[in-house]
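Here's the structure, in structure tokens; my notes come after.
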Amino acid sequence: RFIAKPCAISLGIQDSGAHRAQPNAVLEKVFTSITKSPDAKRLEGLSKQLDWDVQKIQRWFRHRRNQDKPTTLRKFCESMWRFTFYLSIFFYGLRFLWTAPWFWDTRQCWYNYPFQPLTSRLYYYYILELAFYWSLMFSQFTDIKRKDFLIMFVHHLATIGLITFSYMNNMVRVGTLVLCLHDASDFLLEAAKLANYAKYQRVCDAFFMLFGVVFIVTRLGIYPFWILNTTLFESWELIGPYPSWWLFNGLLVTLQVLHIIWSYLIIRTASKALVRGKVSKDDRSDVESSSEEEDVTSNSTKGVLSTSSNGSNRLNGHVAGGQWTGE
């Protein structure tokens, strides 16, 4: 409200919504009580009842649906908040881990386990991450409603479960590595969204391509050969299969499967962008076209970026289902 909104306005993003539909009691009742997208049969009936042509009624429903969708300004503010957190927490974690012995030698994660001290810096790092994901889960009910609402809700629950599980079992050393690794790409995706909303297309394309490179390097390279290597093999060698070993590694391996799926979607998005010459817009909540001709154009160039981050985990808002997804 006090930082993101003035920034958006200075970039020329206006706080104006979509074209409002003409007031009509009959169509409003159908929209609120029956369906927001009437089929051909219902359109014909409404056409006869109101003495309107079908295209005019279709246009009314299109405008009415757009009224409930968020403005670009609101989406910009939400992405700027997430960008600020992801960037801050990534550099906080990187600075903290730079002096941690287990950052350079992952075997240090398991020496003297589970009797390892919990320092104040490590504690705050964990609590900040956990608090943020709790806030994301609750704010989903008040923030912009996305098509992937249920997926991201489950995703946030799983993230909270993993962070809490590792904290309770004092696996915080390896947990900090996982958190920092996932934060490395999240702020780049939010930066691409910000540039997209501000209509800086080349900047958007550059940030998205950088996000794709960092995501694939960290999730398909560093994560399996650095994180999974220490949790699967080094931990087995140094402390043996402790009671929660199977569950912990099962969750981390499942996360790797998600990384592979998301990486495929990112690569597909990048290749389409190269063919088109640009990365398309976020189509989870954008305004619909106002005419049939615009619909055809929109459908042929509709964006395939998705969002989530926030990871996750943890692609909070990340690539899923070929759309902008959190994160």
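The count begins at 1 with the first shown residue.
Positions of Cβ are set from backbone N, Cα and C atoms, glycine also.
No curator has checked TrEMBL annotations; they are predicted automatically.
Taking H, G and I as helix, E and B as strand and the rest as coil, DSSP gives the DNA-binding region (29-72) the counts 31 helix, 0 strand, 13 coil. Positions annotated as DNA-binding region by TrEMBL: 29-72.
The compositional bias 'Polar residues' annotation in TrEMBL covers 301-315.
Predicted-model confidence for the domain 'Homeobox' (27-71) is 82, expressed as mean pLDDT. Here TrEMBL flags 27-71 as domain 'Homeobox'.
The feature domain 'TLC' is assigned by TrEMBL to 74-275.
The region 'Disordered' annotation in TrEMBL covers 283-327.
Sequence annotations record features per position, and here TrEMBL assigns transmembrane segment to 83-103 (among others).
If you look up TrEMBL, you'll see 123-142 (among others) marked as transmembrane segment.
Annotation comment: TrEMBL describes 207-226 (among others) as transmembrane segment.
Residues annotated as transmembrane segment in TrEMBL: 246-267 (among others).
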